[in-house]
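> Annotation comment: Swiss-Prot describes 465 as heme binding site. The N-linked glycosylation site feature in Swiss-Prot is assigned to 125, 496. As annotated by Swiss-Prot, transmembrane segment applies to 15-35.
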């Protein structure tokens, strides 16, 4: 017994110096990193708070515990330190509208790469949007561009009109009942159905037909957005989640099954497209011209290299398009519709413009996109809605791997991530009078060129949003469906601007997290 006690004591005693040594090594290493970041790092000369330069934990704390609040801390940094700040150990933020086009440049100007952590955190590295390398990104994006061009979207206009008509029919189900419905859920369902019709030839899976407008679909994306700060800073977590069997994940979070079902459907469609190509059934692709019926048919018949034709990579492409196309478009629609309904003068003028068009057309149906493009007040409303919903509020870091950038006499070393937020561009008081106010009239008549310069809801450059044409068409058609003489008479119910104003600046922005959403009732037109 005494020997056992002595042995245990010896082991415990001998282990203490080792533990202390490991702690000392860890502290020394950590202090060395902090010293390097503060005094020897290539960005040490740039202004900003020391704590942000020393550790990434400062940013993580704001985004995780502050619900995406780091953007507003960066705004405070700019107010204190000036138009360029070091926002974390390796990255710079610039707040200067004139410099935007020097960060977000076209592909023929110079190589531009993305920040790897953006793709790592979402596990979609193989999609074109998350591809880091400049040349590989261009190679993967190029075949997609004609599909989402103005002409490409026009090919799908009848599909879009059909989905929007389904939305109108669903709203009429609530007409005169006094029942409250979630319009933000309906918009997410609509956007999801539109992407589905473009990717998949025929499907029985529709979100709008669900009695609650596929509430779980909306809530799934909402949860993922809130989780992004964790995934982006600790990307191994999302990889672990991917390993969880579907049967277990379905029990833990039944909503996730909807995305799995959509992903499985995409994979099946990709395999069909590859089979059609192999048998010669689909050989209609010409460079820059859309003839294939679905996105996948188009891609498998494009000039993508074989290495980029795998089912896994094409499925990743579809998943990113579905996520981005659902969330950002639906939120922009919600923001726009609420702001119109809150302003009787705006709603009246918009309805009058639609009434004139409908009288000219002589029928109670959705106008063509080309007709909606000619309505100045509608387009002013759409533009103002996109400005205030921002698209992405989060900075979008870009890396110039070969060329140093110069800003206000400071040389930004090659390889430095530099980001600029659309929020800063859109809220610039020197460019927009009362920038937080919804004022469509600001886009009518002679528009200050600086307003167009600062208008970046889809970003710019070689990595700009792929589908602004689709977004404009969708939103314009929805507005026509809701504010024409024959439209369902929707009215807000216990909903105000705070239910749509983006105040949580995650990678994709959200309104206040305690919001009960965009609630409306549908009155009878004579009420």
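Including glycine, each Cβ sits where the backbone N, Cα and C put it.
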> If I take the alpha carbons of residue 125 (N-linked glycosylation site) and residue 496 (N-linked glycosylation site), what is the distance between them in whole Å?
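Just about 38 Å between their Cα atoms.
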> Can you check which residue among the glycosylation sites 125, 496 has the largest number of Cβ atoms within 10 Å of its own?
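The residue with the most neighbouring Cβ atoms within 10 Å is 125.
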> Any idea what the Cα distance is from the residue listed as 'heme binding site' over to residue 496 (N-linked glycosylation site), rounded to a whole Å?
29
> For residue 125 (N-linked glycosylation site), which of the three DSSP-derived states applies: helix, strand, or coil?
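In three-state terms, residue 125 (N-linked glycosylation site) counts as coil.
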> Looking only at Cβ atoms, how many others are within 10 Å of the one on residue 465 (heme binding site)?
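19, counting other Cβ atoms within 10 Å of residue 465 (heme binding site).
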